[in-house]
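**Q** Okay, handing you the structure first.
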Amino acid sequence: MNRIFSGIQPTGNLHLGNYLGAIRNWVALQDEFECVFCVVDQHAITVWQDPKDLLRHTREMAAALMAAGLDVEKHILFNQSMVPGHSQLAWIFECVARMGWMSRMTQFKEKAGKDRERVSLGLFAYPALMAADILLYQATHVPVGEDQKQHLELTRDVAQKFNNDFGVEYFPITEPLILGEATRVMSLRDGSKKMSKSDASDFSRINLTDDADTIAQKFRKAKTDPEPLPATVEELEGRPEASNLVGIYAALADMTKAGVLDQVGGRAFSEFKGELTDLAVSVLEPINTRMKVYLEDTDRIDAVLRDGAERANAIAESVIRDVYDIVGFLRV
Ligand code: TYM
């Protein structure tokens, strides 16, 4: 059986990078796989979250995922803290993973910066919880953006070491699915930086909640170089901003970068940005409208998450029972 697991943090500012790198692929994969999608509130609190914002963002994220097209009846959508198995398995994996593995995680190094002594222990252990998320459902495939690749390699190492240490063939060795032409969407202000929820400048990203005027303004102001668009993908080399905008267009239109350049090669950026805006608005506006409708009824969102958690828990409990037996824990 092939099962997908993937997660997203409810930290606000859901952006085009999240949509193109992850959510759009999640929606597309629903026909082929049994899917478990999770709003990872436990991961979010590795850095400080105001409790009221956290709850609001959890609901907003669930609404956005439903608005983007997740089928919450056929598949599972829930928030992480509602299923105790995530914490239970994370602890076991914290005892399987090695300090050295965690110390090499680039995301930890970036987030901790120079202030390593003062970040939470949870931020350091984050990848063990992520491995637990995935393996709690014995997921075989995990669709993510490129920035999560190293965490997925660690998940494979954890599964392998657990299986070796205990002499079992229990956890699958998970395959990452890094799909499409926008696996790493970059900031609109700086082509060398990832588009991110935490960038201080709102002009660095297109938020899923931006209206048409804001999207137009952000693309108009997006950094570019003085040359017109090239005719081939090879010529995008060394032009990070151009490459980023062409990648965004390609992903939104379900095309390849080469196909886009066949159409727009030789044009000035000002013209291309207009077309990009129209395309982005045509994809994002309906999502935005549906999301607002969902958010008018938070009881319904909560009911969807609770129902998802119940179904997730049914899978998780049986895995935890097996794992407790393998590890040698007496259980109820
Ligand atoms: P998060 O919440 O930072 O991002 C959610 C998804 O969006 C992708 N993404 C991007 N893709 C392309 N370009 C970008 N600029 C960009 N920014 C973000 C991410 O790769 C991700 O797929 N640790 C994870 C959440 C998580 C998880 C998991 C994922 C927790 N447990 C288990 C998969 C499996 C995170 O912080 O994603």
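Every residue, even glycine, has its Cβ placed from backbone N, Cα and C.
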**Q** Which one, V27, V185, is listed by TrEMBL in the same ATP site as Q9, P10, T11, G17, N18, G145, E146, D147, K194, M195, S196, K197, S198?
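**A** So the ATP site in TrEMBL includes Q9, P10, T11, G17, N18, G145, E146, D147, K194, M195, S196, K197, S198 plus, from the candidates V27, V185, V185.
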**Q** Between Q9 (ATP binding site) and D133 (L-tryptophan binding site), what C-alpha distance do you get in Å?
**A** 13
**Q** If you count Cβ atoms within 10 Å of each one, which of the binding-site residues Q9, T11, D133, E146, K197 comes out on top?
**A** D133
**Q** Can you list which of the binding-site residues T11, D133, K197 have their Cβ under 6 Å from some atom of ligand 1?
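**A** Passing the 6 Å Cβ check against ligand 1: D133.
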**Q** Round to a whole number and give the Cα-to-Cα distance in Å for the pair V185 (ATP binding site) and D133 (L-tryptophan binding site).
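**A** The Cα atom of V185 (ATP binding site) is 25 Å away from the Cα atom of D133 (L-tryptophan binding site).
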**Q** What Cα-Cα separation, expressed in whole Å, is found between N18 (ATP binding site) and D133 (L-tryptophan binding site)?
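**A** Their Cα atoms are separated by 19 Å.
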**Q** Do you know the mean pLDDT across the motif ''HIGH' region' (10-18)?
**A** 94
